[in-house]
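To start, the structure itself, in structure tokens.
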């Protein structure tokens, strides 16, 4: 962190070298103030959304009314039951869970092969996996859609999970992590004649818990955020995911008035799971991101 | 990287371990990508069941189309606004987080929450907060400035509003990486500058920014990819490309040409162009970084 003796804002206007206790205090006060204002600005829309999700339509239409509304949690109940958000939430949960489990499993296996097997063309194989970073869904969207139809996967869970369960990022991260595991441990396993799968389950996975948690958070948040692909490939509303569900909710109106309180409730509902996951697992997430940089 | 030994050498086993990943990557990534390229030289009828080879006609059609060229320009301007805006705000917040001497981890936790913010949720919340008639932010902004704001009808305003939402959503991710990078700067490299009594902003600009430039380049690349590929929900939920095509980003136009107008060949050509644009930008950004970044000790 900054050294206290010399820090000073330029706006302070003090003579060079003249540092007093009050200077340092004012300086930190300025930093704290900046942080509080920044965080408030970033969070304000969300706080307002939460407040307005408790208001009735009449209250919402009084623009400057930012007190807690009299609707209580009724907007949430209406959104979940009448507008089917409960169903969309379940669909999103199933989708995100399948993607997380599938991606972690497949990537662990691939990383095991890349790091612990003597492979011909190892570098080429790794590049072949990494290069897929360049082809996100929009670059292959038309043929992928046709492929789903040909496979009979359109409008099913398979279509919104299958294309996502292999990942360059996850293989990359697990590979990096495996390579940092001490050689002596690997040597022991080899001398004991431990098979590859046993090595994976008894040594690698226990030593990669943080990394697995980190990759899971990244994947969960990524999967939960999916919008374009489900919008295209899922045509049956009852099978739709929550992000697209919000779009359906936006049409909600009562006697010509858009029900913004209800829509804000839906937005808050759709945000909660990734937010909870982020905060429950922020430590491994930050550690995983730190590794991604190396 | 630490030394590691390779205890296994069965090619068959290695192949079996790699197979699931390979099947998914080939079937759902490489094959459709190649197929996009092939389709882009065809005209399709009847939902793609009837295809005629038309050479580069789709590309010629796009590049001579006024609407498409506008969309390209708008997308570039949008990406520039999102990349610059996101980095400026994130760098400001991250530097404060780096300089603060108490409660750093608590501040960090409340500053990174937008990482969990789904793009569609961000669009929904700000559509209401900035609503021309009902938005509380609009209300006070108008009262403060005396202006009459309406991004439902004004193109430039709509562009700005969508860019603000895009930036908001991307702050958490950027702050996570920038704070980590700032904390990784070796103290010995910054002590002498601090002893010279250099002001805080000068320190940031002259000392820290060069030292964390590898992270900045990484974020420029990631934010560029996001601005071109990840911003579809914003346009779809907030503006539908309007008003007057002011927010008709390439990704949205591609979606409409493919799935509303069923021009699959044309849309495939748009995919290829989008791929080329982003690849070239990434290449340039990385080339630039190779010659300009200063790697810390």
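Note that Cβ sites are derived from N, Cα and C of the backbone, with glycine treated the same way.
TrEMBL annotations: computationally assigned, not manually curated.
Residue ranges A:5-28, A:29-52 are listed, and TrEMBL annotates A:29-52 among them as transmembrane segment. Same-chain residues lying 6 or more positions outside the transmembrane segment (A:124-145) and placing a CB less than 8 Å from one of its CB atoms are 110, 114, 154, 163, 166, 168-169, 171-172, 175, 228-229, 232-233.
Beyond the transmembrane segment (A:151-174), the same-chain residues lying 6 or more positions past its ends with a Cβ under 8 Å from any Cβ of the stretch are 94-95, 98-99, 102-104, 106-108, 110-111, 114, 129-133, 137, 144-145, 208, 211, 214-215, 218-219, 223, 226, 229-230, 233-236, 239, 241, 288, 291-292. Among residues of the same chain six or more beyond the transmembrane segment (A:29-52), those with a C-beta under 8 A of the stretch's C-beta atoms are 9, 60, 66-69, 260-261, 264, 267-268, 271.
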